[in-house]
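Trainee: As annotated by TrEMBL, transmembrane segment applies to 15-32, 58-79, 99-116, 128-147, 153-171, 183-203, 209-227, 234-261, 575-597, 611-634, 640-662, 674-694. Residues or ranges marked as domain 'MIR' in TrEMBL: 296-359, 370-427, 431-491.
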């Protein structure tokens, strides 16, 4: 029974020294002097702000992508003891002593370092030679742009890491499929594929391109499995279900998990609250939650309310009125009703308060018990500070002549009767007798006389309207739009019938106690929608570029300049690698088309195993380049060179694949192979030379003389020389 104690316990392991050496080199190239420069470099000014918000647990909204990448950067700050206290307001600003620069840049650097051995593993799993795998890894190792991006508090290196991890996991899965389907390692690689895909999407929306590529390749393989008659129906069904769970269900769960952690961490009111709905704001600590805590839930006749427009564009605003009237004659010669102005005001103000009145009664207080207002009820809205009723009539709005003017009615004793009855339409109701609820109910006000709907037009009124936003009665409404929808944000039960007492009441805080929570799915849905629809700054930038500029490396970005010396960091690629990778892609496409045409004529130039390997490598590498590059031609946003780096990484993987294919199948004799190998070695030497030449601009650790700077501007000098000879 205890015989195993009589023999030593021996553990054997296969260690690929190539992988170990590549990992060490990757760590050295990415981690060396990582905290230099100790200054804000380019987009660190934005990501650093988000890290500070996480440290202080303040809510923010970033439309550039899901929250996983920001949380990983914040994790580095947390591990380094960062308290979030730093003013991220200027590129080049020196970091204070409390900012753990090394920790903040660590995770992107580790992701960049681990991408080097993963490139080796991917080419090897594609069943190409160790030499080709080493070539791919060395190209990733010495690519200057990849090094620069990985050494800063930026997210492209993390995105590339998860893209490569998804590809490697899927290749491991395919190779396990042939020998040990449904084994522990098979399940591990299948699950890791789904997790890596979800992480890629969670870093940046660009990750969805790689995810779709993996899904497409997996769908093709699943289709072949269905046609495999050696597998039973039950076995095929198990394969399909396993792939569906791992590649569809797990990524969705992981994606939701990212947002759940994000919302749990950011529980306090922050700088971007106003973009969100009242219900979302009320779920955060402080801010609106502090103001609305304890408000009555049900709106009743006599309630005092502020009405926020749900659309929130061009800015969040509240239904507002003041004693000023519309001009008798507008600048274009049209006349108005000269009634009291009604606008939408983007700031908290006492003139935002309205009283919900029962048209059949004169009182402006809440009964005991309160009479709740329900869907379909007819109400009047009384402006709290001026006691005039919300009104609309067949008079053109000041800036939207096809819509009706909305005003607070003033009786001028002329033939213009009041039209101040509104029907309440609860848009998100669950029943026809739904009660109007504070914050939760989204409502429309439909004018009884004209069927016009109270709407925010979004136009800014002239100076006579104090540049506030125009509110109109939209009569010809083609359908539902958020600009017609309002919700009660602040709410109290009115207790004072006298105007003077009521004005004091409008300035006082509420006293009732009633908590209100928004579900995670409701908060997730709203946050995701806002992230997808928020308008980003698409103005031209000094270093912005087009997708065509990336392929030819006709652009770069000056990331950092030393304030006193000529040391500097530029995002600048290795021209030998970039040009060769583009050429390899063209060669691959041409060869693939040639082989397809010949196979159509029943001429097979490659053995079946080599052909399948060639097609799979192209689908993942050339396909990875295409799906990560071509969509940018359709994007209307400011683009930079770093957007090309994920696509470039896939191109680099394709390059040694094409080189080995040429050596193995197109070089007919040993002499040709020897000459080709010598050319490849010379080409690698050129790539290493360019890397070493650009190293001062990659690490920024060397002060360059004017002559050295001019030498590095080789392309500019070459263009000048060409123009002189034209």
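The backbone N, Cα and C atoms fix where each Cβ goes, and this holds for glycine too.
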Trainee: Under 8 Å for C-beta pairs, could you tell me which stretch among 58-79, 99-116, 209-227, 611-634, 640-662 has the largest tally with the transmembrane segment (234-261)?
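Mentor: The listed stretch sharing the most Cβ pairs with the transmembrane segment (234-261) is 209-227.
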Trainee: Is it the case that the transmembrane segment (183-203) and the transmembrane segment (128-147) have 3 or more CB pairs under 8 Å, with pairs at least 6 apart in sequence?
Mentor: no
Trainee: Taking helix as H, G and I and strand as E and B in DSSP, count the residues of the domain 'MIR' (431-491) in helix, strand and coil.
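Mentor: The breakdown for the domain 'MIR' (431-491) reads 6 helix, 27 strand, 28 coil.
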Trainee: For the domain 'MIR' (370-427), give the DSSP counts of helix residues, strand residues and coil residues.
Mentor: 0 helix, 26 strand, 32 coil
Trainee: Going by DSSP assignments with H, G and I as helix and E and B as strand, what are the residue counts for the domain 'MIR' (296-359)?
Mentor: 3 helix, 30 strand, 31 coil
Trainee: Which listed stretch (15-32, 128-147, 209-227, 611-634, 640-662) has the most C-beta pairs under 8 A with the transmembrane segment (674-694)?
Mentor: 128-147
Trainee: By Cβ distance under 8 Å, which residues at least 6 away from the ends of the transmembrane segment (128-147) in the same chain are close to it?
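Mentor: Residues 18, 22, 25-26, 29-30, 112, 115-117, 119-122, 157, 160, 571-574, 577, 613, 617, 641-642, 645, 648-649, 652-653, 655-657, 659-660, 680, 684, 687-688, 690-691, 694-695, 697-699.
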Trainee: At a C-beta cut-off of under 8 Å, are there same-chain residues at least 6 beyond the transmembrane segment (99-116) that contact it? List them, or none.
Mentor: 22-23, 25-27, 29-31, 34-35, 38, 48, 51, 72-73, 75-77, 79-82, 86, 137, 140-141, 146-147, 149-155, 157-158, 160-161, 164, 649
Trainee: Are there residues at least six beyond either end of the transmembrane segment (15-32) with Cβ under 8 Å to its Cβ atoms? List them, or say none.
Mentor: 106, 109-110, 112-117, 120-121, 130, 133-134, 137-138, 141-142, 147, 150-151, 699
Trainee: How does the model score the domain 'MIR' (431-491) in terms of mean pLDDT?
Mentor: 89
Trainee: Which sequence-distant residues neighbour the transmembrane segment (58-79)? Criterion: at least 6 residues beyond either end, Cβ under 8 Å.
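Mentor: Cβ under 8 Å, 6 or more out: 47, 49-51, 100, 103-108, 153, 155, 158-159, 199, 201-206, 255, 258-259, 261-262, 265-273, 275-276, 284, 527, 530-532, 534-536.
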